[in-house]
Amino acid sequence: MFLVQKLLDRIRNAFFSQEMELTIVGLQNSGKTTLLQQIAGIDASSTIPTVGFNMKKVKKGKVQFKMWDIGGQPRFRSMWERYCETCTAIVYVVDAADGASFVDAKRELHDLISKPGLAGIPLLLLANKNDVEHASNEEVIEAMSMTEIQGRRVDIFSISAKNNDNIEKVLQWLTAQAQGKKNKK
Ligand SMILES: Nc1nc2c(ncn2[C@@H]2O[C@H](COP(=O)(O)OP(=O)(O)OP(=O)(O)O)[C@@H](O)[C@H]2O)c(=O)[nH]1
Ligand SMILES: [Mg+2]
């Protein structure tokens with residue numbers, strides 16, 4: 001009986017599982033790799049600055065996420081566009097506790113989403129490090145001029161990648177985008 005159930009599960013998964021590609025970008029030190037590791041269920045307590053990119057595949061429910069995490073240092077930012085072109089959603093991470101980085105974070109975000117090849121791709125802005133006392137979601141929203149962004153779905157969550165706060169909400173959002181993509185086909 002158990003084997004029959006397993007076989008049925010496999011058949012069901014083969015028919016109903018979907019792959020979704022997403023790209024995580026944002027300035028260096030904003031917490032992208034920590035987020036990636038948290039979603040992948042890997043110890044996220046220590047990371048080193050990303051040289052180039054990381055990629056992880058993670059299955060959540062019926063969706064297989066293929067997640068690209070691109071280095072945020074200036075020398076890697078020219079890669080962002082290429083990795084975003086084929087993705088279903090762009091996840092942009094901001095260090096909400098580092099006000100000094102907001103000007104650069106805004107410029108890079110708006111530069112990226114102005115690329116014609118990325119038109120219409122849903123954007124999830126994550127104000128990370130909400131565990132730090134002075135981190136402010138509202139300040140991030142204002143500093144990133146989020147209300148100026150048009151022509152795509154935009155959502156904003158306050159998270160702590162380190163403490164796993166609101167990461168489930170991020171996954172639900174991503175799953176909804178994967179579902180939307182399937183419905184459009
Ligand atoms: N307090 C706090 N620290 C965090 C959080 N997320 C990440 N960090 C810390 O921020 C630092 C940078 O995190 P990374 O995930 O390596 O940052 P990154 O965006 O991948 O950086 P690059 O690879 O250089 O682009 C590390 O010391 C993390 O532990 C968070 O939610 N809260
Ligand atoms: Mg990194």
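Positions of Cβ are set from backbone N, Cα and C atoms, glycine also.
Caution: TrEMBL annotation is automatic and unverified by curators.
G72 is the residue from G71, G72 that TrEMBL records in the GTP site together with G26, L27, Q28, N29, S30, G31, K32, T33, N128, K129, N130, D131. Close to ligand 2, meaning a Cβ under 6 Å from one of its atoms, are these of the binding-site residues T33, K129, D131: T33. Here the Cβ of K32 (GTP binding site) has 30 other Cβ atoms within 10 Å, regardless of which shown protein chain they belong to.
Within its own chain, D131 (GTP binding site) has S160, K162, N163, D165 as residues 6 or more apart in sequence whose C-beta sits under 8 angstroms from its own.
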